[in-house]
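Positions annotated as active site by Swiss-Prot, on the basis of sequence analysis: His55. The active site, proton acceptor feature in Swiss-Prot is assigned to His101. What Swiss-Prot lists as ATP binding site is Tyr58, Lys97, Asp501, Gly538, and the listing cites sequence analysis. Per Swiss-Prot, the feature Mg(2+) 1 binding site maps to Glu99, Asn539. What Swiss-Prot records for Ser100, His101, Asn102, His103, Arg122, Gln246, Glu320, Ser321, Gln322, Ser541 is substrate binding site, and it gives sequence analysis as the kind of evidence. The feature Mg(2+) 2 binding site is assigned by Swiss-Prot to Asp123, Asp276.
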Amino acid sequence: MYVVHVEMSPEAIATQKPYLDLGLTEAEYDRFAELIGHQPNDTEIGLASGMWSEHCAYKYSKPVLRQFWTKNERVLMGPGEGAGVIDIGEGKAVVFKAESHNHPSAVEPYEGAATGVGGIIRDIFSIGAKPVAMLDSLAFGDIEQPHTQHLVDRIVAGIGGYGNAIGIPTVGGETNFDGSYTRNPLVNAMCVGIMDKDQIQKGKAAGVGNALIYVGAKTGRDGINGASFASGDFSDEEAADRSAVQVGDPFMEKLLMDACLEITGHHQEALVGIQDMGAAGLVSSSVEMAGKANSGMVLDLDLIPQREAEMTPFEIMLSESQERMLLCVRAGFEQEVLAVFADYDLDAAIVGHVIAGHQYQLYHHGKLVCDVPVSSLTDDAPIYHQQGKMPKRLAQPAADFDPIITDPVQIWTDMMAMPTIADKSSLYKRYDAQVQTNTVVLPGSDAAVIRIRGTHRALAMTTDSKDVTCILIAGGCGNECWLKRARNLVASGAEPLGITDCLNFGDPTKPEAFYELAEAAKGIIAATKAFNAPVISGNVSLYNETNGEAIYPTPMIGMVGLIEDLSTITTAAFKQADDLIYLVGETHGDFNGSELQKLQTGEVTGKLFDFDLEAEKQHQHFVLKAIREHLITAAHDLSDGGLLVALAEMGFDAQLGAQINVTLPTAWGFSETQGRFLLTVSPENQAAFEALHGPAQLIGRVQAPPEFEVTTVNQHFSASLQQLQTAFEEALPCHMNQKA
C-alpha cells in the first residue's frame, strides 16, 4: 500500500538527506542546488530524482549509446523521440521501438507486463503512427521452480490481456529460461506502427502562449517515482513494493489512441507537439518537451485531473498513472482539440502554457512550488564516464566443450524439449495474433509478417536476445544477437531496415557490468554498419540485480525488414515431398554455450568463435536473392540446437520427414555455428538455384514418410517425427502443469 508523501522543508532535506532514498547522491544534490541557485524544496528534489535517474537521463549509458550508428538514407527520425521512423517508400514509413518493464514485472507480473505493453503503444501513436503489431522478448528463471511458473503465467496473461483488449495483434517474440533470471525476469515489449511519412510528430513545446493540454486517465498515486525504482538494484524487501507498479486500463488506452490519431491525422494545424507520460510521469513529458524546443513552461497543478484527494506536488508530478498524454496546442486551437477529446469521453484540460525564457515553473494552490531552469532537469543531468574491467570469467583460460553422443536419437529428442528450444505455442496462443486482419505469417516461423494495406508489400519483424553468448564473449553477444535477427528476416524474404534495442544489464557502477554493456554495444555497432541497418530507437535497463546477484548480460534486438513483393514471403515449414534440402554456410564444432552443452553439463563454459561479418553478409545476400527469384520453398536459420533441431522444426507443420547425408560428425548436427540456413528447393528449380553459385551444399530431400533419416560420417540413424514433435510440444505445458 502506498504511503502518502510527507513534504519536507529545504532545510530538512539538506540535513536529513531523503534524496539518498530517491537515488540521488550527495554530490548530485549539491550539483542540482548549484544549477538552480537555491536549496531544492520537496517538489524540486523529487523532480531531480526522477529526471536524473538512469531510466531518464541515461547518465551511465549515454557515453555508450552515443556511439551507435543511427542514420542512413532511409532514417527519417532516430533516437531521441518516442520512437524511430524509417521510410519504406510509396509515401509510407514504419515506426518502431522496444522498451523494458523488468523491475515492475518482477514485483507485480500482470500489471508490470500489461503497462509495459501500454507504454510502448503510446510511444508509437505519439509519433502519429497507427500501431499494427506487438512483439515481446521474455526471460525467466528455472522453469522447474513454482515462482518462475507463476511469473510466466501472469506476465503472459498481462501482455495478452492488454494487447488483446486494445486490438493490436501480438505477432511474435521469444521466451528464454535460465537461472540467472529467477529474481529478475526480463519483459521487453516492442511495438510497430505504420504512417504517412509526411505526418511525423515530435515531442516539443514551442511558441510562447501555446497551451499544454493534459488528456487521458486521471492522476493517482500509482507508480510514483517509478523511474528511480527502475534505476536501482533490487532487494528482497523492494521486491514486495507493489506501490511502484502502475495499473493499466487498455480500454482507456484504446480511446486515447484513437483520439490522438484523429488529432495527429486531421488537426495538424492545431498541434505543436505530443508526448506520452511514461517514466517519471508528467515531469518527464513536460520538461522534455520544453527542453527540445528551448522553451520555458508553467503548469498549474490544480488543473491536473486527479483521482485521489490531497495529492502533493511531488506525487502529482512523479505519478506514473497510465494512459496519459501531454499535447502542446497552438493558441486559439484549444477548444478544437478539447472537443475531439470530449467526443471520446476523455478527461482533458489546459494545464499550462509555454512561456518566454527557460524556466520550468509549477504552481499548486496558488503557490510557486518549483522554479528551476529547464536545462537543470534535462541537458545538465550528470553524465558519468565509467571505466570497464573485463570480467574474470572472460580473462581466464577455458577448455572447449567436446560432446560425446552415443544415442543420437535420444539426444535429439531431449534437445527438442530444452526449455529455450521447446514449443512456446501454449504461451503465444493466449495472444490474438490476427486482429486487424493484416497478419500474413503467424508466430512460430522465423519472423512474423504483416501486409502493408494498399500495397503489394509487407513488413517482417522479430525479436531476440542472446544472454549465453555474453557470458562467453562480451562483444560477440551484441553481434550475434543482431545477426541472428537479420537471418530470421532474410529467411522470411525481407531486407533488414533497422533495429531497436533493450540493453538489459547489471549495475553500471560495477566495472565488470559496465564492460559488458560497452562491449555488447560495440558488437551491435559493427553489425549495423556492415549491413546498413541502423539503431533508430531503444532503451537501457540496468541494475537488473537482486541482493547483488545480476542477470546474464542480455542485449535484446528488435528488427524490422521490408518484403517488396508479397509473393516472395517465405516460411520455415517444408512444403512438399521431394523438395531438395540445402545447407548454407560451413559447420564447425561450436559447442561452447550451446544448448547441447547445457543439456549434457548444466553449465555454460568455454570461448566463442570469432564472427565473420563478410561471410555472414554473403550468405544473407545469397539467400535473399534466391528467395526474390522464387527459387526457395522454405527457409530456416540455424541457431539454438543447430542443424538437427532446425530440420525437425521444418517438418512439424506439414508432417513431412527428410533424408539427409552430411559429411559431418554426428555431434556436429547440434553445433551452433553462426551464419547458416536450411533451404528447400523444388527439383524443377535445382539448376537455376545452383546457377547462383552460392555457399550452399545439397544435403538431402524432403520425404512423405514422417521420419528423419540421417547419415553422418560416423553414424546412420532414424528418428520419428512424432517422437520429436511430442517432446517439442509437451515440454513446456508439462512444466507449467498444463495440457498440451
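We count from 1, first residue shown onward.
Glycine residues also receive a Cβ, built from the backbone N, Cα and C atoms like all the rest.
Note that the structure is predicted; figures quoted are calculated from it, not measured.
Location within the structure of each feature annotated in Swiss-Prot.
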| residue | record | contacts (Cβ under 8 Å, 6+ apart) |
| --- | --- | --- |
| Lys97 | ATP binding site | Gly82, Ala83, Gly84, Ile120, Asp123, Ile124, Met190, Cys191, Thr500, Ser537, Gly538, Asn539 |
| Glu99 | Mg(2+) 1 binding site | Gly116, Gly119, Ile120, Asp123, Asn188, Ala189, Met190, Cys502, Asn539 |
| Ser100 | substrate binding site | Gly116, Leu186, Val187, Asn188, Ala189, Cys502, Asn504, Asn539, Ser541, Met556 |
| His101 | active site, proton acceptor | Gly112, Ala113, Thr115, Gly116, Gly119, Val187, Asn188, Ala189 |
| Arg122 | substrate binding site | Gly82, Glu253, Leu256, Met257, Asp276, Gly278, Glu323, Met325 |
| Gln322 | substrate binding site | Thr115, Gly118, Gly119, Ala217, Asp222, Gly223, Gln246, Val247, Gly248, Asp249, Met252, Glu253 |
Separation of alpha carbons, Glu320 (substrate binding site) and Asp501 (ATP binding site) (Å):
23
Binding-site residues listed as Asp123, Glu320, Asp501, least Cβ neighbours within 10 Å:
Asp123
Record lists Ser100, His101, Asn102, His103, Arg122, Gln246, Glu320, Ser321, Gln322, Ser541 as binding substrate; longest Cα-Cα distance in Å?
20
What are the other residues, in sequence order, whose C-beta lies within 8 angstroms of the center of the C-beta atoms of Tyr58, Lys97, Asp501, Gly538 at the ATP site?
Leu65, Pro79, Ala98, Glu99, Thr500, Cys502, Leu503, Val535, Ser537, Asn539, Val540
In whole Å, how far does the CA atom of Glu320 (substrate binding site) lie from that of His55 (active site)?
13
Distance, Asn102 (substrate binding site) to the residue listed as 'active site' (CA atoms, angstrom):
12
Could you give the maximum C-alpha to C-alpha distance in Å for the residues Tyr58, Lys97, Asp501, Gly538 that bind ATP per the record?
17
In whole Å, note down how far the CA of Tyr58 (ATP binding site) lies from the CA of Asn102 (substrate binding site).
16
Would you count the other CB atoms within 10 A of the CB of the residue listed as 'active site', including those on all shown protein chains?
28
Name the secondary structure element type, per DSSP in three states, that contains Asp501 (ATP binding site).
strand
Reduced DSSP assignment, His101 (active site, proton acceptor):
coil
